[in-house]
Structure formats: structure tokens, C-alpha cells
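Can you keep this structure in mind? I'll have questions shortly.
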Amino acid sequence: MLFNEPWCLSISLFERSLAAINLLAFLSSLSQWRGQIGSTGILPACGFVRHWKERKMTFLQRPTLCLIISDSDNFLLALHWIGIVCAIMAFFAIIPPGICLIGCWLCYSSLVTVSTTFMGLQMHSNLLETTMLYILCSSFVAATPEVFVFTQWSLLFRIMLGGAVGKYAGGDQSWKDGTAMVWHYWTQPLPNPLSPIFYRMPTSIHKIETYFTYVSEGVGAILCYTPQIIRWISYVFFLLILLGINVTGNYAHLAPLTITEMILLLNDNVWRSLIPFEFIISFLEYTSIPSYSIAWPFKLLPWIFIGLPYFFISLVPLSATFRDENPFSWPIFINYSTLPLKFTQFIYQHTYFQRYFLIPWNHLVEWCEYGHELISPIRLCGRYVKFAHMTKRRWEIIIEGSDDELNWYEYEFKYKPSNINKYLSIVPFCHMPNLDWRLWFLPNDAARGIPPPNWFLVFLERILDHNQAVLSLLGSLPEQFRNRPPKYIRSLLYDYRFTYKCEQDTKVLVEKTPHVHIGKTWYRNLVGIYAKANKNEK
């Protein structure tokens, strides 16, 4: 099992993959940061840093080097290039990867902390946590690789089981009746050209996809801790889900990062049989850290200080996903048998169980909760529940400019749906268009009566200023406003729906596709005005 398996090649492959994802994450941020957190961007980093300094916050509370060194544009740019250089050196093992990834973590954490509005999503925190786990284990990974492998299994266990439980216990009925995937392909943040095709699949297929998600995430998570002869099933389950997510949508490094974490589900023997080219194996062996042995008492130290504490502390966010419910009380179990529920209730109420297990367990949970509070600022042991609630509508924000408030011209976005005459975009591999993603959340808030956030109003003002850094985040500009700003700006809410073969669609739609829109990707109906601004109001 864990202690009798070879891990040298698997860990080397993990190191190369993690370094590559860090590199792509920095390159993605490099193309956007000026318009987002630059001094003339939407939410300048200097404003946050000044506020934190006034409140005398420390690096442990806000883990960003901007709080210690500088919040200037030059320093933000330097953070990107330092991170890029460190990621390249980690990939080729020019110096020990653990040292290089410390630089990656410091730089990326610095950027994420000052840009939580745009980089506060789960995939950013997941990258930081995975990198930090390797850093913590890097000093002894060659001597006791089992500790690092165990922490990665624990991370996968929390992500996948938390995903399965969060979907079922999250309150969204579509996950319970098997219709969640009916909505997913249409209402996901950034659909790609294959999304409409999968959306048109029969409802029966969508139900199979929904229930397979439960099985693969729930059962696969439990199988993470089994011997290799069984554990490969977890790898296959997870891989099928992640490939489906990446093929039918644009999710940046979500799937590649999780696949990287899955590498350690397979040991060296399996990877040697799967990797087709000998030169890849030679490269991985060349860049691997030579193993060495230490006395067995010293092998216990990583388990005592990292492996086991991380496992138990990571149960805190996972237990919150269960919402203090007995899972055997869920309909998915009760519909088949009530015996598991009655058995667990009997055990829970038994005097010996409460005295010898429950009381010590409660003390352990209190310690874990305290530990979780300490390490949560550095984004360890986060709570990851993806796609727990399916949106049942697709409202999009459309930006328009005008000189006379009579003739309005639309600003297009690079990746999010806007111009209904355009084909759906394919986002470059591992690129995270933060503004496009963030604008997906706002219509959902607007449907609940929440007004536009302050940063969105600043975004409109930057367009009125013809701010080039902010305009670079958008797609094609209107012909009239390519060289000058408009006098008026407004944002409209539209209800978007797929048009292709909509008349044959058996799903519930508000209305049939207008005839003039047949053959286009989308048709849309105006919902109302979301926000507006003009130069006189500034």
C-alpha cells in the first residue's frame, strides 16, 4: 500500500506539472493585472494596502509582499516576472523545486490577496494550497515521500467528497432529481463551442451524467486511501469528470490542477507503463530528487507535525459541508433502507460511544477548529464545493456607449457571451479571464435585488475615461469609440438562450426562438437597465 510503493517518478511528474501550472497562472495574470489592480485599474492594489497598513495588519493576516515592500505598479510587475522565473527553474529543477515554489507561492499569494475581487475564486486558492503543501513537505519528500503523498490524497479526498456532499446537501433540487446537468451547459460561466451540442442531448443522458458525478466524486474520494490495485479506479473516475468539464466549458487551470493532484494516486510502476516515450521518463528521473534514508524515529516527525495535523484540520471544512446532518438520513439512503440510519443513531446514543469516542472526538475537533483559524489566511484547508447550485437562467451584462443617449453601441467582451452574432469563444489553455468570470456572478445577484457593487461602477467610469488598461480587458470596441470615450455609458441585463434547434427543444423555455435569430448561437431578450453613468456625473 502507501509504505511499500515507489514514488520517486510520480513525485517528479507532480513537480513538473505543478511548476507548469504556476507558470501559466502567472502568464495569465500578467496580461490582465494593470486593468484590474494597477494604479489606474478598477480596484488599485494601493488602496487595499493603505487600508491594511492603517489597521496595522500583518503578513500572516494578509499574506502579500505588497504589505511589506511596495504596492507600486513596478513591484506588481516584478512579482509576475519573479514568479515566472521561479516556475521555470522549478520545472527544470535548476535549483531544488521546493525553494523555487516558495517564490511562486509568495508572488502568487501577494497578487491574489490584493485582488480578491478578481482572483478570489476556488481555483486560485486551490493552486496556492497545493503549492504550499509541497513546500511544507519538500525538505523530507525524498526521505519520506509517503507523507507528501498522504497529504495529496487528503486534499483530493476533501475536494471530491466535499463536492459530492455539497451538491446533494446544498439545497438545489436539480441535484436531487437528476436534472442538474440539464442546466449546466447553458448557464455555466464561459461556455465553449461544444456547450450547445451537449446541452441538446436528451434529458436521460443528463440524468446519467448527474448521477455519475455523485458516484465518481463520492466513491472515488473514499477509494483514494486504498491499495494501488483499487486506487486506480479513483483516478479514472476523477479523470472522466475533469475531461468532461474541460471539454465542454472554459475553466482555466481547474481541471489541469486537479489532474496534477491526481498524479500521486498512481505510483511509479503505473506511470512507467502509461508514459509512452522513454525520453520523458529519462527527463523525470533526471529532475527527480535523489532519495535517501533516515532513521525511523525521524520518519515519524513529518507525520506528527504535517501529515496527521493536516488530515484532521482538513476535516473541519469538510464537516461544514455536511451541515451537521447524518448522511444516512438523506433520501438517497432512506429510499432504500432505514437500517443504516437506525444503526448509527443507536451507536451515537450509546453510553460507551459517548464516553470513549465522542468526548475525545469533540476535544480533537476544537483543536482542529483552532488550527484551521490559524492557517486559513494562508489558504490551507479551504472549502471547495464546485457547482453546488445550478443557475436556472442566463442573464448577461452588456455594456453600451453613446454620445446622444439615442444611438447606443455595444462593447464586446473577449470570452463571455455578448455579441449574439459571434461564435462561442475558446479560452487559451489555463488562461483565467478574471473580469469575464466575475461578471457572470453579478446578474445572479441582480436577480435577487442586489444593486451593482462599487467596483462595477468604477469599471464604467474607467470606460468613460477611455482607460487603456481597462479597455484591454474587453474585446472589440465600437467603431465610434476606438479613439475617444463616449459621453454616456450604460449596462443592460439580457436573458440569453441557445437558438440552435430551439423549436425541437423539450426543455422548458420562455418562448420560441425568434425567426431572425435562427442559426445564430444565442438569442436574447432585454430584462432591464443594470447601471449607467455619464461624464457629468463624475
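Placed from the backbone N, Cα and C atoms, the Cβ positions cover glycine too.
Predicted, not measured: the structure shown is a model, and the values here were computed from it.
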Examine the ranges 102-121, 422-441 and name the one recorded by TrEMBL as transmembrane segment.
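From TrEMBL, the annotated transmembrane segment range turns out to be 102-121.
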With TrEMBL as the source, identify the stretch among 269-288, 349-368 annotated transmembrane segment.
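In TrEMBL, the transmembrane segment feature sits at 269-288.
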Counting Cβ pairs closer than 8 Å, which of 75-95, 133-157, 232-249 has the most of them with the transmembrane segment (300-322)?
133-157
Short question: which residues 6 or more past the ends of the transmembrane segment (75-95) have a Cβ under 8 Å from it?
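Non-local partners: 15-16, 18-20, 22-23, 26-27, 29-30, 33, 37-38, 45, 65-66, 69, 101-104, 107-108, 110-111, 286-289.
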Residues sitting near the transmembrane segment (133-157): Cβ under 8 Å, six or more positions beyond its termini, same chain?
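Here the qualifying positions are 2-3, 7-8, 10-11, 14-15, 18, 96-99, 101-102, 105, 221-222, 224-225, 234, 238, 258, 261-262, 264-265, 289-294, 299, 302-303, 306-307, 310-311, 314, 380.
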Can you tell me how the residues of the domain 'Lipase maturation factor 1/2 C-terminal' (381-504) break down into helix, strand and coil by DSSP?
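Helix (H, G, I), strand (E, B), coil: 35 helix, 24 strand, 65 coil.
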